[in-house]
């Protein structure tokens with residue numbers, strides 16, 4: 001037992017403070033001298049150096065508490081052979097620019113005191129400490145808790161002294177703490193800035209891969225200041241955009257489609273689908289930032305659409321899958337394998353849980369996202385489906401195919417009954433042109449079909465789906481590209497892209513050309529008119545560029 005080493009526990013804070021106050025009060029009769037308890041400054045190693053240099057470790061020069069006598073116009077050495085702090089002349093006001101760090105055992109404390117005599121017989125001391133554990137229990141790191149500060153405020157040059165001054169022990173005047181230069185203090189997790197929601201591409205810093213939520217990633221909670229004034233009023237007449245508002249770059253492949261969010265207060269969100277295997281959501285009304293990137297597919301994304309609620313995205317890809325993705329989190333809600341390359345995904349207008357998938361197959365599948373099963377199959381003797389359009393109410397829909405032959409009039413456009421999966425009509429379009437795109441009029445009982453004959457034809461949306469031979473919209477070029485067409489919210493303007501790179505706007509009722517916008521140098525594949533903002537439209541091209549016009 002004699003050789004056994006007995007470790008003594010350091011005295012508690014209460015007894016230490018009592019001894020310290022007693023030593024100062026006993027020496028207060030000496031007018032020219034004050035006894036100040038000091039200890040060495042405690043240095044620690046930086047856990048995350050920004051310059052990737054080796055970690056610095058400074059040893060504690062002394063852990064014992066020593067008592068020194070302070071005289072005016074003398075220097076006080078804080079147990080550091082390289083620094084000597086000159087003492088200011090004494091005054092009745094306490095000097096708040098001195099602080100003392102006390103290291104006792106495994107606890108680090110900061111004790112502030114003035115080095116000049118005060119009128120009060122006893123000095124007021126205050127300390128605040130916060131222990132944060134790194135790798136081991138001995139690696140205690142000191143941080144002042146005077147007030148919450150961001151991480152950016154704590155970085156930079158820091159002086160070796162810290163200050164705390166107290167007025168009678170009642171109202172503390174706290175200053176920002178400082179530490180030796182080259183040492184970054186520990187920052188608690190709750191005071192650190194919120195982590196990014198995902199990895200960031202250095203070439204496109206606005207792009208984010210799906211990940212955890214942050215305050216910036218809650219894109220469904222923000223209402224654009226540009227859209228808000230139009231929400232309380234009834235939409236007026238649609239206008240024609242003529243000037244470029246912003247250009248959105250970031251896709252590395254052709255952009256097949258762009259679509260504004262159908263929910264009015266979220267209509268500043270712009271969805272784009274590209275052949276670079278991603279689809280993105282942008283702030284298309286104000287900042288033009290890419291709010292989120294969705295990399296859910298391993299193949300080119302041929303089509304992407306908003307669901308009617310605006311909280312999910314429906315996408316189809318050449319990797320044979322159709323995916324429903326949560327807009328906020330970027331998580332896949334449903335992934336369905338169609339066994340063929342998906343060209344079009346269209347949600348049912350009255351039952352958004354059900355959607356149709358068409359593509360490189362002679363069949364069109366109706367999926368129920370709740371059971372993840374195919375509930376209906378529509379079979380036709382065609383090679384692939386180019387587009388799908390639900391008519392009003394969702395009781396029937398139209399499909400277009402790429403089948404062109406001498407007797408292909410019964411396969412170019414086909415009308416289907418949704419419930420019975422039967423063909424309602426197959427004698428709709430009699431000309432030998434494929435129709436890469438279809439669009440339904442928002443008010444009238446009619447729809448238009450984009451044709452490879454460089455014109456758009458008008459059809460009735462009621463049986464027998466007759467084509468209006470007296471009205472066609474000409475002036476743009478298709479030339480084999482999947483050029484899309486779309487109506488304005490009030491149905492007065494019909495917009496179409498062009499293989500020449502321009503965007504064309506037609507008067508729907510008389511088929512006159514209203515305006516031709518020189519939008520892109522590459523083929524313009526889609527023109528999407530804003531559902532709330534007047535005279536605002538988004539265009540995309542084969543080079544991967546997106547532009548917003550107003």
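Every residue, even glycine, has its Cβ placed from backbone N, Cα and C.
Residues 44-66 are the range that TrEMBL records as region 'Disordered', among 21-43, 44-66. Sorting the domain 'Anaphase-promoting complex subunit 4-like WD40' (465-527) by DSSP state (H, G, I as helix; E, B as strand; all else coil) yields 0 helix, 30 strand, 33 coil. Taken as a whole, the repeat 'WD' (294-335) shows an average pLDDT of 95 in this prediction. Beyond the ends of the repeat 'WD' (248-283), by six or more residues, the same chain brings 204, 206-207, 219-220, 223-224, 226-228, 231, 289-306, 308-310, 313, 315, 317, 327, 482, 484, 525-526, 528-533, 538-548 to within a C-beta distance below 8 angstroms of the stretch.
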